[in-house]
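Below is one structure, written out as structure tokens, with a few remarks after it.
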Amino acid sequence: MERGDRQPLVRKSSSSYRTFPQSAAGRLDKEYLRSLHNKRLYLAVFAAVLGNFSFGFALVYPSPVIPALEAHPSAALRLDQHTAPWFGSVFTLGAAAGGLSTMLLNDCLGRKLSIMFSAVPSALGYALLAGAQGLWMLLLGRVLTGYAGGVTSASIPVYISEISHPGVRGMLGACPQIMAVLGSLVLYALGKYLPGVPASRARLWGGGGLVLDWRWLAVAGEVPVFAMVLLLCFMPNSPRFLLSQGKEEEALGSLCWLRGEDTDYAREYEQIKDSVRKQSRRVSCAELKDPFLYKPILIAAGMRFLQQLSGVTCILVYLQPIFKKTSVILKPEYDAALVGLVRLSAVAIAAVSMDKAGRKILLFVSAGVMLVSNLTMGLYIHWVPASHNGTAANATVASSAGLAAEPTNYITLIPLLATMFFIMGYAMGWGPITWLLMSEILPLKARGVASGLCVVVSWLTAFTLTQFFLPVVNAFGLEVPFLFFAVISAGNILFTGCCVPETKGRSLEQIEAFFRTGRRSFLR
């Protein structure tokens, strides 16, 4: 990074981040934050979160594609009630493998190079999906795109957290979720408007018109992958990671580029350097007994576990089939796009309010909305007769393609509204804040390994749920999963109140000091 000939005035005292209760230090922090230039920081974040765009695109790929593949004329590519769940869930298995490998990649390659590395399996996966000639190519393509998603899930939040400052970290921490939602929404839109094959050659869920040519969706998925790699080539690495590797000059240059040459970035550099110096050694198994390490890891992993148990991945992956089974008043593809718009709006609201309202209050509201929505959906499916909700006995979600979608009552708006509110609740709290808190509370010396562990926990949970969702629906009915998700949402409220710290407006060094000392004054 070019910094010019001017040498920054480095303030040797690094104690200010340990004396936050003092008002003078608080005023100094606010003055420094107001002086920063954020344009380059925003550019670096945008380059990184293109990986989340690709992740969101790939995650919901089965939603419009499963019906097209169920109706495919070739037996080698046609999905049935046994293979459709695997096509939907195997992505999460790949994501878990990606999170596992990131435990090493984050600390060996660094955050930025790990994100760039994810482009390789992502591009290969989309190529396999676009040119698939058999079921094994479809499944392998899903595994590879899932693996890339697991790597980005563990690397991007950490990268953003480490290059951001407290004034905008909450807002920028919501960007991965915003881009993932945008990626899903773009897929729904492309699934509706990309060229298709004549309806005479295949069955339709909604009837009429063209059936989606799903190969073009995979081709479109390559675009954000290559754009991400191109932009990241010009972005700096995380100053904290560079300092942990002993690259002090490069770290100072990186921070200068991110904050602006005419700011007092050297003061922040000294604080980061002091924190990194205290954690210069790699984490050992014996050190995991230290509450400074195991408490934030358990909180982060617990949040990722509960986030997935709330059912969001199942609902997103099987969104159109769920709407078809409940026979909502609009066509399933329109409902899916509408839910995507609601999700995008809710994440944007969370991004704006996260640094003002705080993390915990949004988590409480989010879990409460998810609880009411899941309970409403479960009770609706259980009590409304099949003649009103369009369900048929012993019909599976994935195989409901042949059912006629002719709603006879406006009561069928209830599942659409319940799903919209569930997605809105998730997107304003337990979606973006879970990722943000993971990158905030994990200590630097364990951040690479622990973030990978959290992603493994998350996606193994998601795989289990998406794999067993359809069998449970077939055996017990669609209401059972939603009632289970409602119980988990109630547990999310208790977990937030008992375990989650408020990190609004705190630097990463302050948050580490809180777990190290247990003094809540650091977080006031």
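The backbone N, Cα and C atoms fix where each Cβ goes, and this holds for glycine too.
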Transmembrane segment according to TrEMBL, located in which of 144-160, 195-211, 246-262, 280-296: 144-160
Matching range for TrEMBL feature annotation, transmembrane segment, among 83-105, 313-335: 83-105
Which listed span TrEMBL calls transmembrane segment, if the choices are 117-138, 337-358: 117-138
Paired segments the transmembrane segment (482-500) and the transmembrane segment (117-138) in contact, 3+ CB pairs under 8 A: no
Winner by Cβ pairs under 8 Å against the transmembrane segment (449-470), considering only 117-138, 144-160, 361-383, 410-437: 144-160
Range from 83-105, 172-194, 214-235, 410-437 with the greatest count of C-beta pairs under 8 A to the transmembrane segment (117-138): 214-235
Same-chain residues near the transmembrane segment (83-105), Cβ under 8 Å, at least 6 residues beyond its ends: 58-59, 61-62, 65-66, 69-70, 113-114, 117-118, 121, 135, 138-139, 142-155, 313, 317-318, 398-399, 448-449, 451-456, 458-460, 462-463, 466-467, 469-471
